[in-house]
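If you check Swiss-Prot, you get these features:
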type	residues	note
BINDING	HIS59, HIS61, LYS151, ASP313	divalent metal cation 1 binding site
MOD_RES	LYS151	N6-carboxylysine
BINDING	LYS151, HIS182, HIS239	divalent metal cation 2 binding site
BINDING	TYR156, SER286, ASN335	substrate binding site
Amino acid sequence: MRVLIKNGTVVNADGQAKQDLLIESGIVRQLGNNISPQLPYEEIDATGCYVFPGGVDVHTHFNIDVGIARSCDDFFTGTRAAACGGTTTIIDHMGFGPNGCRLRHQLEVYRGYAAHKAVIDYSFHGVIQHINHAILDEIPMMAEEGLSSFKLYLTYQYKLNDDEVLQALRRLHESGALTTVHPENDAAIASKRAEFIAAGLTAPRYHALSRPLECEAEAIARMINLAQIAGNAPLYIVHLSNGLGLDYLRLARANHQPVWVETCPQYLLLDERSYDTEDGMKFILSPPLRNVREQDKLWCGISDGAIDVVATDHCTFSMAQRLQISKGDFSRCPNGLPGVENRMQLLFSSGVMTGRITPERFVELTSAMPARLFGLWPQKGLLAPGSDGDVVIIDPRQSQQIQHRHLHDNADYSPWEGFTCQGAIVRTLSRGETIFCDGTFTGKAGRGRFLRRKPFVPPVL
């Protein structure tokens, strides 16, 4: 099958040009002017539009069981939503397995979840929920099989202590894998939460107050120092929500330490006032939403290059689940927001169309750097001969208001309801196949492929 995309502006992280793009058998074959492919072929007119590499979202949680509830998006509805939002690859953070389970256990479970459902290509981050000799021995074997990143938690049920973190950092570094971490100070959060609950203060606002930014920033600083102690091990901070943590990361980067960081649209565009609304429980996530000042600091990091990736942390629980389980108590509410369908459009509208970032920087944040960090480059995150024909076409002339009834996930609400975006996703192609076009999903379950990722190689700092 041949697909010729004509008259668009093709954008990569290192530049843009008005040119045609030819995809053949799912692979980009040629870029240039006046391409005349062999018949037959499909022609797509992208006049006035940007032609970007398909999005790479390296932080989703599909079909995750958090003990009190299972998220309502599985690998079909979640990847369907991703496709309709211009994302053609996801790397899912696997949930915790049974106490004492092997690393491989969750990989086998999650491959089963995704195999016949995923619409787009996918991989997984390993999850390390305890440390022993068997787990440490499994890491290099898992890395050789294409899992080149693993996640540690400093909070929640399976948090690791500093000694365990050091052991994990060392072994992951030796194995060619990147350590990712959810950084929050669990003890400080538990103390604050207990104070509020004892005082009967259980409204959504107290979720944010129980997890102040210092809890996150302290854990970021601690992880940076532990990574240095562990032999300058590479480190990736997930879902950054505040400027103090970013300051610590800037300092580490200035000292040439191999650290990278992602943030998410919710931390750029939503703020803590959401907790004071009638439906504030729908905004419970961790880290919580911060104030507008912290938003501004994150936007500075987006603009000046201090932040490397924009992902989503898509983790969907319905309002019915939230209200039934929490009964008005923030501490009992399952955490997470939907957003995998909105990431590309929100960042394009609030970043590119406002002049905060260039189209090239948009590519770097949404596809190129995620692909480079997580062993998918140049197959993903790039439009060049030999790369996968993963494409999102965005029309900057169109204005759209986000409405949940038009979205494709399995949630019963959107945190972005009513947001007006300048720029619309008009078509998504995965390996040359159109899977979304002009508001209609055209893909099918099970067409996504599991991606064996290459060992971690640090991009130039």
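Indices start at 1 and increase along the chain as displayed.
A Cβ is built for glycine as well, from the same backbone N, Cα and C atoms used for every other residue.
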Seminar exercise, completed: The rounded CA-CA distance in Å from SER286 (substrate binding site) to LYS151 (divalent metal cation 1 binding site) is 16
Seminar exercise, completed: Same chain, |i - j| six or more, Cβ under 8 Å of ASN335 (substrate binding site); the result in sequence order is VAL66, ILE284, LEU285, SER286, CYS315, PHE317
Problem set entry | Largest separation between Cα atoms (Å) of residues that the record links to substrate, namely TYR156, SER286, ASN335 | 11
Problem set entry | Nearest-integer angstrom distance between the alpha carbons (Cα) of LYS151 (divalent metal cation 1 binding site) and HIS182 (divalent metal cation 2 binding site) | 8
Exercise. On a count of neighbouring CB atoms within 10 A, which of the binding-site residues HIS59, LYS151, HIS182, HIS239 is highest?
Worked result: HIS59
Seminar exercise, completed: Comparing the Cα of ASP313 (divalent metal cation 1 binding site) with the Cα atoms of the binding-site residues TYR156, HIS182, HIS239, the shortest distance belongs to HIS239
Problem set entry | Whole-number Å value for how far TYR156 (substrate binding site) lies from HIS182 (divalent metal cation 2 binding site) (Cα to Cα) | 10
Seminar exercise, completed: So HIS61 (divalent metal cation 1 binding site), by the Cβ count within 10 Å over all chains shown, scores 21
Exercise. Cα of HIS61 (divalent metal cation 1 binding site) to Cα of TYR156 (substrate binding site): how many Å, rounded?
Worked result: 16
Exercise. Residues with Cβ closer than 8 Å to the Cβ of TYR156 (substrate binding site), same chain and 6+ apart in sequence?
Worked result: HIS182, ASP186
For this session: Would you mind checking how many other C-beta atoms are within 10 angstroms of the C-beta on SER286 (substrate binding site)?
Result: 21
Seminar exercise, completed: Rounded to a whole number of Å, the separation of the Cα atoms of HIS239 (divalent metal cation 2 binding site) and HIS59 (divalent metal cation 1 binding site) comes to 9
